[in-house]
Amino acid sequence: MGWHDGCIRCMVGVPFASVIATVLCFAGVALFCGCGHEALSGTEKLIETYFSKNYQEYEYLIHVINAFQYVIYGIAIFFFLFGILLLAEGFYTTTAIKHILGEFKPPAIKGGLISTVTGGTPKGRSTRGRQPVHTIELICRCLGKWLGHPDKFVGVTYIITILWILIFACSAVPVYIYFNTWVTCQSIAFPGKTTTSVSTLCSDARMYGVLPWNAFPGKVCGTSLLAICKTSEFQMTFHLFIAAFVGAAATLVALLTYMVGASFNYAVLRVTGRSDRSKF
């Protein structure tokens, strides 16, 4: 019975929304970074194979793609650390709220984590004649002093969410370009659905700013474009960009969940016990 009660008490302090958001964030970032990296490499191969024969015409594009790939590496590392930090903050604030409401009082961390939020010294302890501090409790006290500012985490998460919305919007651009190309290929494959001559249906990389206007040929038309759309390189790159877009959307949902949960916990900590809903 004691083991069962201990498990129940531990489960009470688990921030389920933060755990779900962390898993969603890691999955979304992994999908965005992995698929986005490979999709950029595929785009580079398609450009240099079909749209331009002069290296100087797409040299700048290669530098931009390489820069984006390095940015992707940084995004992956940052969100790995930031996700762990926000998950720790979720555990911290949930434990503090449960302690304030009298629902969950873990003996190992009540002296370190809780006093940081409540601003006072834990009950049963005085500044004089302190007892020897165990290693776990000392670690928790240090962690509590570091994580004891949920308002700052709300602000940081809000800023990161705004920045990620911009990244999410940018990830839709290549999906739009490839989708337009795919629609053009469908019109070429089924000429009865359009009154335009097949030879005039083209995909122009210069129109999207991918290549300079003096690039040659810069565009592919008619059956040549249809042949490109049927290649595994084009289809794989198109689907990778879609997967990266979905990963960016999942990461955005995770950040919004983080922000809502952190704001809720901070509000509850401010009013100290006026609400008993703290599963974030």
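Quick reminder: no glycine exception, Cβ is built from N, Cα and C everywhere.
The cysteine that Swiss-Prot pairs with Cys221 in a disulfide, picked from Cys185, Cys202, is Cys202. According to Swiss-Prot, the cysteine that forms a disulfide bond with Cys185, out of Cys142, Cys170, Cys229, is Cys229. With respect to the membrane, Tyr92 and Val271 are recorded by Swiss-Prot on the same side. Counting residues 6+ beyond its ends, the transmembrane segment (11-36) has Cβ neighbours under 8 Å at 68, 72-73, 75-76, 79-80, 83-84, 86-87, 89-91, 93-95, 98, 103-104, 106, 171, 240-241, 243-244, 246-255, 257-258, 260-261, 279-280 in the same chain.
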